[in-house]
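Trainee: To start, I am sharing the structure in question, which I have written as structure tokens.
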Amino acid sequence: MTKSNGENPRSRSRVQRFREGIHLRSLKAKKKVEDITKDDVKTFLKKNAFVLFTIGAVVIGIMLGFALRPYKMSYREVKYFSFPGELLMRMLQMLVLPLLVSSLITGMAALDSRASGKMGMRAVIYYMTTTFIAVFIGIIMVLIIHPGKGSKDEFTQQQKIEQVSPADAFLDLIRNMFPPNLVQACTQQFKTQYGKRVINVKVIVNESIFNLTNATQEISREEIIPISGTTSGVNALGLVVFSMCFGLIIGNMKEEGQALRDFFDSLNEAIMRLVAIIMWYAPIGILFLIAGKIVEMDDLTEMGGQLGMYTVTVIIGLLIHGMVVLPTLYFVLTRKNPFIFITGLLQALITALGTSSSSATLPITFKCLEENNKVDKRVTRFVLPVGATINMDGTALYEALAAIFIAQVNNMDMNFGQIITISITATAASIGAAGIPQAGLVTMVIVLTSVGLPTDDITLIIAVDWFLLSTRFCAHSVKRGFGRSGTDVGQEGVACN
């Protein structure tokens, strides 16, 4: 039945209910704003001080860079101006070696005790597999989209990475995984170089027109041969393999290895506290790095386009991993609707977006899984702590993608061995990455160092890193939530209700 004006009462009631709902929400929001006290503001500023300082440093650095561009500063003046940023990069590089070794040994030693039994092994296999998938997605996306169209011709001519054959690149990868000297691995990597040698070859020649007699003659010929060589830089791959094996061994030693576990736990804690102190200096260094980079750039429009495409590439990669790969794995393992499961994790995802910390979302993830998704507490209390150690999909994808992006900006062609090195190092570095804001900045230095890429170009991605930080931690939280699906299948009495 309709009124004389033709209006449907049902549609009118729906519109009216919709308006009333909006009005109620606005009243609630207004009441919440009115209830905010000075203590609430202080608490918010205290919790998010570092993120706010970083965003402020990026904004001020951009403004300062544009203000100084008209002065046409010389290369020497730009270097002097960027000196506070250079100090930041030197401090981060200083921490690469102790952070890499201590975090991996500590994580793998702790993992051994947690990963006992079938459920533990399933959790570890699930987390490591999805991390490798995330790295693979990041590499494929950056190679297909190619956001960093090279703009550094001068750098390319002087410091272009020397190309080696695919076979030698693969063998170099294996050699670097097993360094003969751990001390040397701290400063040098193995790299095949090429040399020339002259060889004498005997050939048969005819001495007469009628080919009645033959004679031999020696001919000199040059041959390109591979030569064992080294290049400067931390052999991160070799240290990763050694640290992971060493950590698993001391974790398996139980009481006999307790002293070593305590030592590396203390070392890792000390290094992370040192990282936290340096991170408070980071906004100052970031300010001068960004300003100096803007002054130095010839074509800001091109670089802006590259950063825009880089941001889009990272977001697409994270969306593919978080909204396609992980839900598909969940469906295959449980035969349940993954998006209903994600709906139960919304509170944890929103918290990850707001805090830019996957560690801060861990208690909320417990609550979402146990109360909203009805996951057995025995599963969550076992799987989530393991995930807190080795679950950094977003960071692994981001670091692998960013490393190749920096290579593209510098017109550096990465060979197969270097791409594999990036994937392994990014995976290992993500295991050691703490779930705190900007910890990925330190591990990014590890990845770049492993393949000899310029660490100074981290400045290129710092300008958008604060924005991508929250999206990466959302990926961590989604995977951590789905992690129980890879472990509770087949466990009697521990499956989801």
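Placed from the backbone N, Cα and C atoms, the Cβ positions cover glycine too.
So TrEMBL lists these for the protein:
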TRANSMEM  50-71  transmembrane segment
TRANSMEM  91-111  transmembrane segment
TRANSMEM  123-145  transmembrane segment
TRANSMEM  236-253  transmembrane segment
TRANSMEM  274-295  transmembrane segment
TRANSMEM  307-332  transmembrane segment
TRANSMEM  382-407  transmembrane segment
TRANSMEM  419-446  transmembrane segment
Trainee: With contact taken as 3 or more Cβ pairs under 8 angstroms (pairs 6 or more apart in sequence), are the transmembrane segment (307-332) and the transmembrane segment (50-71) in contact?
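Mentor: Judged by the Cβ rule, the two regions do not touch, with the required three close pairs absent.
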Trainee: Does the chain bring the transmembrane segment (50-71) near the transmembrane segment (274-295), so that three or more CB pairs sit under 8 Å (pairs 6 or more apart in sequence)?
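Mentor: Between the transmembrane segment (50-71) and the transmembrane segment (274-295), contact is present.
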Trainee: Can you tell me which parts of the same chain pack against the transmembrane segment (274-295), counting only residues 6+ beyond its ends and a CB-CB cutoff under 8 A?
Mentor: 50, 53-54, 56-58, 60-62, 64-66, 68-69, 73, 78-79, 81-85, 87-89, 91-92, 95, 99, 434, 436-439, 441-442, 459-460, 462-463
